[in-house]
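Data block below; observations after.
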């Protein structure tokens, strides 16, 4: 039986098989709320070992774990540690560093100096030097969360829609231009500072469900949609040999 990798985020739930270190095709599963969809959970794959990375609410994580423990002989939950597989985290308290960010760094190690950007509910930015040293990062709201926050405080502002323009002439266009533009500007600023700090070339790696709307404005970028799962596979290999 195969092992399986599960990436449970704040808004997306993905899985992929893992066989002899090779990740299979990625499946996007129905996202689960705290009320849970029992049928969707029962449709989760079965296998030998399940490796779970979760940044979801505790109630959702608990429900998913309960089902995985039925479907698998063993369940292991990924957690951030100070050093793993060549990567050393900058945080003085590594447990405060999100496991999704941690795994994305594991997945990108070995590709030189990289600025790793995750676009989901939050926008996360982390600088990883070629020697595996994490040099810190930033957390901001993603464009989607910015739109949601604005709509929550002013219902007349739409949640979606609009086209990116540098100087928009209607509200929908102004919203997408402002929110996406803020994210692009933060990424560009971080990339500039990364070059200044390292005095070397730095690759820009993007992952996460909200990446598509930013890609056209970021120039030379590598899109790595499976980066967290790639890192989880590395973490699984380390865990299996402990």
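Placement of Cβ uses the backbone N, Cα and C atoms for every residue, glycine included.
The model shown is predicted, which means the values in this text are computed figures rather than measured ones.
The active site, proton acceptor annotation in Swiss-Prot covers 100, and the record cites sequence analysis as its basis. Under the DSSP three-state reduction, residue 100 (active site, proton acceptor) is assigned to helix. Listed in sequence order, the residues of the same chain lying 6 or more apart from residue 100 (active site, proton acceptor) and placing their CB within less than 8 Å of its CB are 7, 9, 53, 55, 118, 120, 124, 228.
The ATP binding site feature in Swiss-Prot is assigned to 7, 8, 9, 10, 11, 12, 13, 14, 121; the stated evidence is sequence analysis. The Cβ of residue 7 (ATP binding site) has 27 other Cβ atoms within 10 Å, all protein chains considered.
The substrate binding site annotation in Swiss-Prot covers 91, 98, 99, 100, 101, 171 and is backed by sequence analysis. Around the Cβ of residue 91 (substrate binding site), the same chain contributes 97, 134, each under 8 angstroms and 6 or more positions distant in sequence.
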| message | Comparing the binding-site residues 9, 98, which residue's C-beta has the most other C-beta atoms within 10 angstroms in this structure? | response | 9
| How many whole Å apart are the CA atoms of residue 13 (ATP binding site) and residue 99 (substrate binding site)? | 15
| query | residue 121 (ATP binding site) to residue 101 (substrate binding site): how many Å between their Cα atoms? | reply | 13
